[in-house]
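Asker: Here's a structure for you.
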Amino acid sequence: MAIIGAHVSAAGGLHNCFANAEAIGAECLQIFGASPRQWTANLPSAAAVKQFKAEEKRSGLGPVFLHAAYLVNLGSSLSELRSKSVASLASHLKIVELIGARGLIFHIGSAGKGSRREAIELVAHGMKSVLDRVPGKAQLIMENGAGGGGKLGATPEEIGEIFRLVKNKRVKVCLDTQHAFAAGVLASYSPEEIRATVKRFDDALGWENVVALHANDSQSRSGSFHDRHENIGEGYIGLGGFRNLAADPDINGRPWILEVPGFANDGPDARNVAILKKIFGQAAAV
Ligand SMILES: [Zn+2]
């Protein structure tokens with residue numbers, strides 16, 4: 001069975017994410033462990049961790065993923081930016097470890113105008129440093145990008161390259177449906193194309209390492225390379241595309257995390273969650 005969830009707010013205390021998820025019917029969740037627009041991240045106190053775990057137990061929701069800060073770029077040619085990125089990811093990963101969440105999802109980064117080959121090696125090197133700094137079970141999860149310009153990790157093959165360079169069991173992958181569409185990896189969302197994409201990921205890094213999906217429709221066309229999320233069924237992927245995903249046995253067992261604008265422009269909402277749950281109902285009936 002799929003686990004349908006969403007990115008929710010953890011404002012006012014990390015434990016608040018569970019009540020926020022319950023309010024929209026989300027079963028699994030993603031949060032920011034600290035402000036996504038700042039380099040520094042405060043670690044939760046022992047009392048905050050206790051409160052988080054109590055709420056997690058009470059709600060029965062999960063898994064919980066954290067999303068990294070937007071400023072991070074491990075592939076930057078600027079060493080200062082890279083070391084800040086390593087420090088930021090390590091703090092957020094430490095929060096994952098402290099609260100017992102599943103992992104930290106991050107954007108792989110960009111080579112900018114620099115060499116792509118070098119940037120890939122820098123990303124792998126940075127990821128190793130992050131993992132070294134935070135021992136434990138917390139997973140470091142690469143998210144596929146929308147591509148374009150020097151952006152890294154839009155294709156299963158490039159993500160696989162980094163995966164093999166880092167060579168650590170705690171490295172995993174999150175597949176964002178909108179990014180895959182914008183990058184032209186999943187351009188039609190036909191059952192055949194979905195099968196072929198699962199096979200590409202399987203060949204590149206082992207499908208079992210794709211541990212979560214970001215379920216987002218797309219405001220921009222396939223091949224646009226634009227990272228623009230849309231509510232489920234309102235974009236170019238459409239309900240048909242999501243039905244095909246839900247019908248695929250390799251895809252549907254994963255946690256599905258909405259990162260959509262919401263019908264009231266207030267982030268993932270009950271209506272988007274309900275649409276996804278309905279799609280699964282329909283997929284099961286086929
Ligand atoms: Zn995403």
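Along the chain as shown, residues are numbered 1 onward.
Including glycine, each Cβ sits where the backbone N, Cα and C put it.
Automatic, uncurated: that is what TrEMBL annotation is.
Small disclaimer: the values here were computed from a predicted structure and weren't measured.
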Asker: Per TrEMBL, which one of Glu97, Glu118, Glu121, Glu259 shares the Zn(2+) 2 site with Glu143, Asp176, His214?
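Answerer: For the Zn(2+) 2 site that includes Glu143, Asp176, His214, TrEMBL also lists Glu259.
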Asker: Of His107, His125, which one shares the Zn(2+) 1 site with His67, Glu143 in TrEMBL?
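Answerer: Record check against TrEMBL: Zn(2+) 1 site with His67, Glu143, extra candidate from His107, His125 is His107.
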Asker: In Å, rounded, how far does the Cα of His214 (Zn(2+) 2 binding site) sit from the Cα of Glu143 (Zn(2+) 1 binding site)?
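Answerer: Given the Cα positions, His214 (Zn(2+) 2 binding site) is 9 Å from Glu143 (Zn(2+) 1 binding site).
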Asker: Checking the contact step here: among the binding-site residues His67, Glu143, His179, Asp227, His229, which have a Cα within 10 Å of the Cα of Glu259 (Zn(2+) 2 binding site)?
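Answerer: Near Glu259 (Zn(2+) 2 binding site), where near means Cα within 10 Å, the binding-site residues are His229.
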Asker: Out of the binding-site residues His67, His107, Glu143, Asp176, give me the one sitting nearest to His229 (Zn(2+) 3 binding site) by CA distance.
Answerer: Asp176
Asker: Under a threshold of 6 Å between Cβ and any atom of ligand 1, which of the binding-site residues His107, Asp176, His214, Asp227, His229, Glu259 are retained?
Answerer: Asp176, His214, Glu259
